[in-house]
Amino acid sequence: MTIAIGKPEEKTSWFDKVDDWVRRDRFVFVGWSGLLLFPTAYLALGGWLTGTTFVTSWYTHGLASSYLEGCNFLTAAVSTPANSLGHSLLLLWGPEAQGDLTRWFQLGGLWTFVALHGAFALIGFMLRQFEIARSVKLRPYNAIAFSAPISVFVSVFLIYPLGQSGWFFAPSFGVAAIFRFILFFQGFHNWTLNPFHMMGVAGVLGAALLCAIHGATVENTLFEDGDGANTFRAFNPTQAEETYSMVTANRFWSQIFGVAFSNKRWLHFFMLFVPVTGLWMSALGVVGLALNLRAYDFVSQEIRAAEDPEFETFYTKNILLNEGIRAWMAAQDQPHEKLVFPEEVLPRGNAL
């Protein structure tokens, strides 16, 4: 009689082998999200560096070109494709470039390349935070918070131009290009008077205020530990005990404002809620602009201002400023439209 001792070998599938490799504990965690994040982030960043350093883009936009043509870090950009190309993906092997790399660069193919790979890289980074949080049994609030800048990127660089006539109306990837796009938004959409923009500003500036107050309050209420009780000398970075006094901080702000956060959970949730909600709201506003929705047009004031030259409000001044921005930008931005503005809508010296 023969007795077999031991367990039969279990056959592992290819999926289990890949899962074991990507989630293995190493210096830089890869994970399933890394299969999306690392290649797309590498290609997006590499495309941007290539575009701003070597590739000329006068063909498509006239806003900026490469360092080789005299631009600096502020003015160089990966420019958007021409308006005539609409929403084409501008694939290198597509009908526009037909496999010609130089032609692809000239047409603005790098912009769609950077925009799409950049969007997937940001999504991959958010999924990475989900994956690591799940593996170490944390809540996923980091990933949820990171969805806010992703929503802004996607709404500005993808959804807005999709709602317009082409990628041409998205921002180019550069510093001066982004500021120019902001002026464009104001001139053509009166963006600063949009309530979603107001909520976004409140979220970003409110978050900065909360961050400054929180940091200062923690520094103010550090427990003394030794003779040199300051931020940098008196504390062991691996100490297990509490570093600052929430009770003292609560008492301080109760005396200042009459109210204060009662516990750390509510305090830190509020610091999460303010900027994330603000960015989400601003992204919603940009989606509205993609559809050319108007917000807060005070038509009665415009009619009265047209009838009475003496009538002037902040709003009517704003309208004149927007007209000036449009007149200044349109000829360069949209030469194919052959726009001609009548005398009465052009900026009028000191009238502004």
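Cβ atoms are placed via backbone N, Cα and C, with glycine included.
Around the Cβ of HIS117 (chlorophyll a ChlzD2 binding site), the number of neighbouring Cβ atoms within 10 Å comes to 20. For HIS117, the entry in Swiss-Prot reads chlorophyll a ChlzD2 binding site.
Taken from Swiss-Prot, the feature pheophytin a binding site covers GLN129, ASN142, and the record attributes it to sequence analysis. Look at ASN142 (pheophytin a binding site): DSSP puts it in a helix.
Using a 10 Å radius centred on the Cβ of HIS197 (chlorophyll a PD2 binding site) and all shown protein chains, the other Cβ atoms total 21. Under the heading chlorophyll a PD2 binding site, Swiss-Prot lists HIS197, citing sequence analysis as support.
Positions annotated as Fe cation binding site by Swiss-Prot: HIS214, HIS268. Taking Cβ-Cβ distances under 8 Å and a sequence gap of 6 or more within the same chain, HIS268 (Fe cation binding site) has no neighbours at all.
Residues or ranges marked as plastoquinone binding site by Swiss-Prot: HIS214, PHE261. DSSP classifies HIS214 (Fe cation binding site) as helix under the three-state reduction. All protein chains shown were included, and the count of other CB atoms within 10 Å of the CB of HIS214 (Fe cation binding site) stands at 16.
Swiss-Prot lists THR2 with the feature phosphothreonine, giving similarity to another entry as the kind of evidence.
Positions annotated as N-acetylthreonine by Swiss-Prot, on the basis of similarity to another entry: THR2.
Look at Swiss-Prot and you will find 40-60 (among others) tagged as transmembrane segment, backed by sequence analysis.
Annotation source Swiss-Prot lists transmembrane segment at 124-140 (among others).
Residues annotated as transmembrane segment in Swiss-Prot, with sequence analysis given as evidence: 152-165 (among others).
The annotation transmembrane segment is assigned in Swiss-Prot to 207-227 (among others). For the transmembrane segment (207-227), the list of distant contacts is 233-235, 242-246, 248-249, 252-253, 267, 270-271, 274-275, 278: same-chain residues at least six beyond its ends, Cβ to Cβ under 8 Å.
For the transmembrane segment (278-294), the residues of the chain that approach it from at least six positions outside its boundaries are 147-149, 151-152, 154-156, 159-164, 185, 189-191, 194-197, 199-204, 206-207, judged by C-beta separation under 8 angstroms. Annotation comment: Swiss-Prot describes 278-294 (among others) as transmembrane segment, evidence class sequence analysis.
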Of GLN129, ASN142 (the binding-site residues), the residue whose Cβ has the fewest other Cβ atoms within 10 Å:
ASN142
Close approaches to the transmembrane segment (124-140) from elsewhere in its chain (Cβ under 8 angstroms; 6 or more beyond its ends):
23, 29, 31-34, 36-38, 40-41, 146-147, 150
Nonlocal residues around PHE261 (plastoquinone binding site), in sequence order (Cβ under 8 Å, 6 or more apart)
ASN250, TRP253, LEU267, PHE270
